[in-house]
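The next block holds one structure in the form of structure tokens; read it before the comments.
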Amino acid sequence: MSRADSPWRGPLAWTLAVAALLAAMAGALAVGRFPIAPGDLPSILLGARDDVAATVFWNIRAPRVAAAMLVGASLAAAGAAFQGMFRNPLASPDLLGVSAGASLGAVLGIFLGLPVVLVQGMAFAGGIAAVAAVAAIAAAVRGQGDPLLVLILAGIALGALMGAAISLLKVLADPYNQLPAITFWLLGTLSAATRGDMLAAAPAALAGLLVLLLLRWRLNLLTLGEDEARALGVETGRLRAAAVAGATLATAAVTALAGAVGWVGLVVPHMARLLGGPDLRRLIPLSMLLGAAFLLAVDTLARMAGRTELPLGVLTAVLGTPLFLWLLARARSGGGA
Amino acid sequence: MTALLQAEALAVGHGRRVVARDIGFALEEGRVLALLGPNGGGKTTLLRTLLGLIAPLAGEVRLSGTPVARLARREVARLLAYVPQASPGGFAYPAREVVAMGRAARLPLLAGPGARDRAAAEAALDRLGIAHLADRPVTELSGGERQLVLIARALAQEARCLVMDEPTASLDFGNQALVLRQVRALATRDGLAVLMTTHHPDHALLVADAAMLLHGGRLEGPMAPAVLVTPDRLRAAYGVEAVVAEVPVPGGTRLVCAPVVT
């Protein structure tokens with residue numbers, strides 16, 4: 001008997017993921033510049049209080065916690081779907097240029113001195129436009145080639161171009177006002193996210209997640225490869241387009257909210273796979289739970305670590321790299337991708 | 001009787017490059033048809049054309065009388081199941097989940113397998129005598145076991161015609177016999193039609209009702225395996241000397257084909 005087929009694996013994975021999320025939530029809600037005692041949480045949650053603690057909780061702490069969870073869940077679910085559908089454990093949500101496109105949109109917005117809401121709008125639109133352009137280019141040049149490979153290469157090519165455009169804008173930007181804002185945005189942060197921002201990003205992110213959740217069994221078939229999936233009766237082109245659309249919608253929405261937060265979409269699905277196996281029916285929801293817990297913990301750390309808030313991207317890389325290497329070492333000794 | 005799988009004046013290839021032309025055969029239920037031919041001779045291209053994965057350059061493929069070009073993927077999958085070579089690697093799905101994936105063509109877009117699909121998967125695993133492997137990750141199975149899981153997936157698909165791509169490739173001696181016995185039984189006992197490619201002319205003699213040889217852009221056959229498999233044809237197709245001889249086996253004699261290595 002191998003570990004993978006133990007009957008307790010499913011329930012244990014869910015229990016661990018839910019416990020991790022609850023722990024991260026309790027910690028995140030309690031700590032901050034204005035500490036809220038864990039014992040006060042029940043009365044605040046019931047709306048029985050009207051003091052400073054309740055105000056801080058409902059207007060600052062809770063929206064930020066919800067935003068962190070939304071960002072983590074979206075990036076991790078999109079990463080899990082991409083890794084399966086591109087049959088590549090190194091795939092992450094930005095594979096097809098959504099992060100680069102969103103970054104370019106936001107950086108352009110900051111460069112032009114637009115208000116925050118427009119910067120966010122440009123990030124969202126930029127992310128979606130980038131993936132749409134990659135898909136259109138791939139469809140135009142495909143011919144007889146492997147459709148997946150063409151899609152990935154088109155994503156890499158366009159990503160490089162957008163990276164160059166971002167670099168150009170950084171060179172041209174005002175080094176005292178704009179450049180710090182651009183740099184901070186490119187590393188990701190929730191320090192400025194308000195309840196309104198969160199509520200604006202949530203519908204698109206949740207819609208994207210819903211698409212991935214609804215298609216999650218069928219997405220398993222794409223992991224078999226193009227020919228096998230089609231021989232099993234799957235219209236692979238349409239299914240992949242729907243999944244890419246869902247993942248892109250969710251990623252673009254949360255990137256507009258939090259900036260380009262790296263590593264989550266790559267590392268968290270691997271943790272979830274280790275815990276619950278490769279079946280996307282379990283892997284996508286499990287990735288959402290773990291992604292929410294992970295980003296919530298990272299964001300809490302970002303709030304508490306220094307005098308000024310640390311960028312999320314720095315912390316996800318610092319935490320994600322050793323975690324990824326550890327997972328890599330484990331995968332070498334069996335279990336596969 | 002309408003053939004389950006039929007090719008008529010078929011030319012196959014990629015783009016404008018024709019790999020083989022003038023291909024014609026019909027496969028009826030209860031029959032095993034073997035496709036022989038050297039590597040690079042177009043066996044895989046022909047299979048992909050039969051499955052409707054690439055378009056024919058000329059001619060037509062028909063499934064139960066309907067041109068495959070007129071069928072949606074889902075409809076093709078209900079008539080024709082594909083058994084790929086069991087390759088190592090991939091994701092570590094349990095065998096029962098791999099077999100349940102055979103139900104995709106019978107499920108609505110947003111649904112996963114339900115009780116009926118689970119039952120069909122269990123029955124397919126049972127039919128091949130591998131129910132005990134149901135919970136094992138396929139990545140941990142032997143090559144022969146993985147091949148049987150893929151055949152079970154094709155059975156769960158409930159198509160009447162199976163196309164197998166070298167089901168005995170990279171299997172050891174015992175597993176080859178095991179898989180061949182199952183192939184024969186699927187045709188004889190379950191009345192399925194099976195088209196299988198193979199590198200071993202001997203396997204065609206062993207289990208097939210008819211055989212074809214694809215080389216040099218042409219298809220020879222279909223004809224009785226004992227008629228098709230001759231030293232002359234094998235020399236022309238593979239460039240090796242071979243002997244075909246009658247040997248005693250339990251209950252009579254059978255033709256055996258073996259290469260001559262000197």
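Glycine is treated like the rest: Cβ placed from N, Cα and C.
Looking at A:29-50, A:95-116, the stretch flagged in TrEMBL as transmembrane segment turns out to be A:95-116. The stretch with the most CB contacts under 8 Å to the transmembrane segment (A:148-169), chosen from A:65-83, A:95-116, A:239-268, A:310-329, is A:95-116. Tertiary proximity for the transmembrane segment (A:200-219) is limited to same-chain residues at least six positions away from its ends with a CB under 8 Å from its CB atoms, namely 67, 70, 73-74, 77-78, 81, 84-85, 117, 120, 124, 234, 239, 242-243, 245-254, 256-257, 280-281, 283-285, 288. Taking every recorded stretch in A:65-83, A:95-116, A:280-298 and counting its Cβ pairs under 8 Å to the transmembrane segment (A:122-141), the highest total belongs to A:95-116.
Within its own chain, the transmembrane segment (A:95-116) is flanked in space by residues 82, 86, 122-131, 133-135, 151-152, 155, 158-159, 162-163, 165-166, 169-170, 172-173, 178, 181-182, 185-186, 192, 197, 244, 247-248, 251-252, 255-256, 259-260, 262, which lie at least six positions past its ends and keep a Cβ under 8 Å from the stretch.
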